[in-house]
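Here Swiss-Prot flags Gly79, Asn110 as anthranilate 1 binding site. What Swiss-Prot records for Gly79, 82-83, Ser87, 89-92, 107-115, Ser119 is 5-phospho-alpha-D-ribose 1-diphosphate binding site, and it gives sequence analysis as the kind of evidence. The Mg(2+) 1 binding site annotation in Swiss-Prot covers Ser91, Glu225. For Arg165, the entry in Swiss-Prot reads anthranilate 2 binding site. Under the heading Mg(2+) 2 binding site, Swiss-Prot lists Asp224, Glu225.
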Amino acid sequence: MEILLQKVYDQENLSKEEMTMIATEIFEGRLSKTKIAAFLMALKVKGETAEEMAGIAQAMQQVAIQVAFPAGTAMDNCGTGGDKSNSFNISTTSAFVLAAAGIPVAKHGNRSISSRSGSADVCQELGIDINMRPEDMTYLLEKVGIAFLFAPHVHPNMKYVMDVRKELGTPTIFNLIGPLTNPVHLETQLMGIYRRDLLEQTAEVLGQLGRKRAVVLNGAGFMDEASLAGENHYALYENGEVHLYTLRPEDVGLTSYPLEAITGGDAKENAAILRSVLDGEPGAYLDTVLLNAGFGLFANGKVATVQEGVDLARDLIRSGLAKQKLADLITYQKEVLAK
């Protein structure tokens with residue numbers, strides 16, 4: 001093990017198998033916090049390869065608590081975080097729009113690592129229980145079409161790195177591979193990433209992990225979401241191939257806004273923003289969700305273009321269907337908890 005760690009310290013790439021070996025040591029609690037921190041920072045400085053990302057993602061999935069759901073029907077739209085944008089919870093809001101379109105959404109997420117409010121924080125503020133049993137998550141996916149999968153709950157072995165990640169206060173490979181490790185077997189996925197240089201590589205990794213279709217995007221301002229502030233870069237994985245594209249908000253009939261227009265706050269403030277969007281309140285928050293939900297619908301294959309996705313997302317919010325998904329999730333969750 002020391003030899004493998006030294007390879008990373010010496011800026012040498014690891015094979016997929018070597019990374020799996022180190023990850024297994026971490027997830028079984030056999031590496032000290034000091035060594036984990038040194039490893040993560042050395043890997044960050046060196047730069048993570050597709051082989052390394054796939055290796056650690058597979059190791060995480062092997063020790064995850066599995067959530068049963070028909071293979072190939074659910075999707076996720078969580079991002080890596082770590083973009084330092086301090087935006088509101090865009091992907092969490094968009095998830096209710098995707099669910100309203102009839103797409104089962106297994107929303108994988110965590111508490112805040114490098115922002116004021118993570119998806120788990122805002123979900124709790126909305127009244128969503130983030131510690132449901134796996135069978136309850138399955139029930140909600142079947143009955144409502146959306147369930148929140150709290151990362152530390154479904155990945156209990158991540159307890160060995162949580163304190164280290166929080167103390168480092170900077171994105172690591174775990175930000176990159178977190179969205180790759182959903183315990184539900186996904187067929188499609190939208191994944192935002194804070195590093196534009198890893199778009200193609202990450203799309204390839206999603207293919208290696210069994211996705212049939214996926215979009216990996218990096219927004220203007222290097223956000224891990226699609227942004228109204230300028231040009232968005234994204235990679236589309238389909239049929240074993242990756243193609244790179246760009247898209248500006250004007251391309252799909254949306255107005256440009258500066259990044260400051262979508263600044264969020266703490267969990268309470270972000271929950272209020274989420275509700276305002278689902279209520280259809282016009283402005284930068286709504287348009288940002290329309291763009292991101294549009295990308296999600298496109299990634300799923302529900303629509304043929306992002307433009308069609310934006311139009312459908314607008315209809316789903318105007319009709320009240322997206323807002324109803326939030327209400328249904330809370331209602332059926334109470335039913336589960338009452339058993």
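The backbone N, Cα and C atoms fix where each Cβ goes, and this holds for glycine too.
Rounded to a whole number, the C-alpha distance linking Ser91 (5-phospho-alpha-D-ribose 1-diphosphate binding site) with Arg165 (anthranilate 2 binding site) is 22 angstrom.
In three-state terms derived from DSSP, Ser87 (5-phospho-alpha-D-ribose 1-diphosphate binding site) belongs to an extended strand segment. Contacts of Gly79 (anthranilate 1 binding site) defined by a Cβ separation under 8 A and a same-chain sequence distance of 6+ are given as Ser91, Pro179, Met191, Gly192, Ile193, Tyr194, Asp224, Glu225, in order along the sequence.
Sequence-distant contacts of His108 (5-phospho-alpha-D-ribose 1-diphosphate binding site), defined as residues of its own chain at least six apart whose C-beta falls under 8 angstroms from its C-beta, comprise Asp76, Cys78, Leu149, Ala151, Val154, Gly178, Pro179, Thr181, Asn182, Pro183. Annotated pair Asn110 (anthranilate 1 binding site) and Ser87 (5-phospho-alpha-D-ribose 1-diphosphate binding site), C-alpha to C-alpha distance, rounded: 16 Å.
Between the C-alpha atoms of Ser87 (5-phospho-alpha-D-ribose 1-diphosphate binding site) and Arg165 (anthranilate 2 binding site), the distance comes to 20 Å. The two recorded residues, the residue listed as 'anthranilate 2 binding site' and Arg111 (5-phospho-alpha-D-ribose 1-diphosphate binding site), show a Cα separation of 12 Å.
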